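According to TrEMBL, the region 'Disordered' annotation covers 337-377. The annotation transmembrane segment is assigned in TrEMBL to 26-50, 57-78, 98-126, 138-159, 200-222, 243-261, 281-300.
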Amino acid sequence: MNNTMFIPRDSNVPPKDIRTQHALEWVFTALLVIGGQVGLPILLASFLFVRTAVRSLVVNSFCFTWIVYSISYCLLLYTSRSDKGTADIIPTNDELCLFQAALINGSQAMTAVSTLGMVINLWLILNRPAQPLTLKRSLLLASPAYVVFVAFFVGAYVAGAPAIPEFQAANSAIPGPFYCFVVENGPLTNSPTGVFRTLISVYVFAAVIHGFIFGLECAIFYTLFKKRRDFREPLMKETFTRVGIFTVYRIISIIMMAFLMHDPESLLIEGLTSPRDIYDGYAEIVAAAGPLVVFINLATRRDVRTAWHLLLPTEKAAMKKGTFDLEAEARAKNDVETQLASQEWDPKTQKNRTSQSDAESGHVISIGMDSDGRAQI
């Protein structure tokens, strides 16, 4: 085995496999564009500018990180597309290939940390309802994702900048079927110290973060179950469903990461000569589905659908009868059962006050205020 294996050999790819890849290329692109470049920007704009659908800084930042994630994976597809006779998308220049590889490294780590911030915020709301959701707390939960992004972006860019003579390129970033990634000069093995160490490092980091997230979600499920009598039944079902959908997606992602960490050569490099080796695992398709999963989870909230005039007929009928006014319902009951309360500290009364709905990752928690102004679940 030698370094020439990294150079695409499209002539060895059967035409049937090339057609399969081209079809999956459209699936890959469609998932990323629909979820991360159409759906999430519209949703984020609604959160920022529609009064009845306002969310906290933590949620807005979470959406933004997935938009960046989507763009990073599509960057090569914007400028280069595979033709009928090739199995790889060839970048217009080596610098663009390296930039995309570094961008993907950074965005993978960033979305993992932003998701952790979301889940921590939800856990705090459930278990520390009396603590205010201040700007300081929001920044502490949202900003680490961008610090991690810069660290992994710079790390990948620096690692991929030196040229490897065998590649006949200006740097050591190489194109795969959909996007570029960095390989480094070193022993040609799948170990963390081999040529794939930059690629493996971000998967190891993301897998560890997702492990923490899974543990917190288990704690959240336990808290929800323990306090189930404080929730209305439809609300409980919706909350469990939303948390569950994202948890299942994350588990699938962790499994894909495990395959990539165990054998990155067979899942990525062999795809240059046999696309079936990649798509039997569907690693790229799972990665591309992330922004769409986030969008569906957040956009199906009732207050969002109200702002978009996408209510179900039964909901519209209830609205006509005057039983579906979100704001009136919250005021009348002095709670925010249709909201995930963003608690703000009132310096005049030295007590918490609730603000507009804040459906963290689509999870709706019943939080009210008692006579002393303390948040209750």
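Cβ atoms here come from the backbone N, Cα and C positions, even for glycine.
By the Cβ criterion (under 8 Å, sequence separation of 6 or more), the transmembrane segment (281-300) is in contact with the transmembrane segment (26-50), since 3+ such pairs are found. Within its own chain, the transmembrane segment (200-222) has Cβ neighbours under 8 Å at 105, 108-109, 112-113, 115-116, 119-120, 122-123, 126, 152, 155-156, 192, 240, 243, 247, 250-251, 253-254, 257-258, 260-261, 264, 363, counting only residues six or more beyond its boundaries.
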